[in-house]
Amino acid sequence: MQPTSEANQRIARISAHLHPPNFQMEESFSLRRENCRAKGAGPGFKVAILGAAGGIGQPLSMLMKMNPLVSVLHLYDVVNTPGVTADISHMDTGAVVRSFLGQKQLEDALSGVELVIIPAGVPRKPGMTRDDLFNINAGIVRTLCEGIAKCCPRAIVNLISNPVNSTVPIAAEVFKKAGTYDPKRLLGVTMLDVVRANTFVAEVLGLDPRQVDVPVVGGHAGVTILPLLSQVKPPSTFTPQETDYLTARIQNGGTEVVEAKAGAGSATLSMAYAAVKFADACLRGLNGDQGVIECAFVDSQVTELPFFASKVRLGRNGAEEIFPLGPLNEYERAGLEKAKKELAESIQKGVSFIKK
Ligand SMILES: NC(=O)C1=CN([C@@H]2O[C@H](COP(=O)(O)OP(=O)(O)OC[C@H]3O[C@@H](n4cnc5c(N)ncnc54)[C@H](O)[C@@H]3O)[C@@H](O)[C@H]2O)C=CC1
Ligand SMILES: O=C([O-])CC(=O)C(=O)O
């Protein structure tokens, strides 16, 4: 039997996708699939990952492709996104994946996006602090945030690039300058500190980490990472030695990985896991789910500092409620004073980078 002309057209379409004669053909095919999904399937969000070809970006892209709340996934980087996108697009999950390569495609990558996740930038090598990354990453974050202000000013932004204690204030200043700043929509990702704290505390208590919840407040570098062990769930007590051990291990978790990788970068796989856990919480909030609460580094009035990490309630507008720290013990109060001192300097450094 001769194939019908409809079947011929379908084969031609598929072959055009596999061997696109030009970008236009590829794009129209991909747009058609997005439209089909928009007609047929349940609701989903349009998400962009900036720095998608990196050590965090690749596993993060893969895990976001598996998230049922994502309908369209834009992968942007200055290198290698066509390959990462081709690879991930073969996964038989719902999200449509599209590649954007280089600065010229940044605006297309951001157009209509509802959640932007940013793991772009250089990672640490042994002997470096996160602040040593400032000189390179500050400029990268500024450029990307200028794009967000122009193309998707209402998007929720999850900022991973280090030093988070300075890059979040940089992003805020860029958005203020552009007149688009909404403090609820800018979130520094500190989820990996919580993920580590849950794991290490569970080890000490002899529990499954999934049963443990440790609030981690302050910021995302050294002494600014402040685990509140007095508020661990399920309620637990720790000896002074356990408290010292756990606090130090949680504060130095990033350095532990940097040293173990011995020059090959910093945490990527656990970070991708943590980033997806946090992005999923943001999407559930956007979706209208109730009671979504996670720790994040946000514009805050919890202390006298303009930014601080604490528990926030995520909703349709981002961080809709920021929770106070709750009762602290003496050990935590001393830790808080140290954290605030270092945080104040890192925040100021970020602000001055844009205001100078
Ligand atoms: N917030 C957190 O808890 C954590 C943050 N990080 C930070 O995340 C960042 C990325 O780490 P990795 O993925 O390991 O680094 P990586 O070097 O493997 O990947 C970074 C990616 O960013 C891309 N990139 C560079 N400039 C760009 C630009 N202007 N626009 C778009 N993309 C650009 C690179 O091409 C590369 O693909 C680092 O700053 C690291 O310190 C890492 C772990 C945890
Ligand atoms: O330590 C680093 O440089 C990367 C990071 O932020 C972490 O693993 O927490």
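Placement of Cβ uses the backbone N, Cα and C atoms for every residue, glycine included.
It should be emphasised that the depicted structure is a prediction, and the values quoted were computed from it without experimental measurement.
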Further binder of substrate named by TrEMBL next to ARG124, ARG130, ARG196, taken from the candidates ASN67, ASN80, ASN162, ASN252: ASN162
TrEMBL NAD(+) site partner of GLY51, ALA52, ALA53, GLY54, GLY55, ILE56, GLY57, ASN137, ILE160, SER161, ASN162, MET271, selected from ASP77, ASP182, ASP280, ASP289: ASP77
ARG196 (substrate binding site) versus binding-site residues GLY51, ALA53, GLY57 - nearest by Cα: GLY57
Inter-residue Cα distance where the pair is ASN162 (substrate binding site) and MET271 (NAD(+) binding site), in Å: 12
Helix, strand and coil counts within the domain 'Lactate/malate dehydrogenase N-terminal' (46-188) (DSSP): 66 helix, 30 strand, 47 coil
Binding-site residues compared (GLY51, GLY55, GLY57) - the one with the fewest other Cβ atoms within 10 Å: GLY55
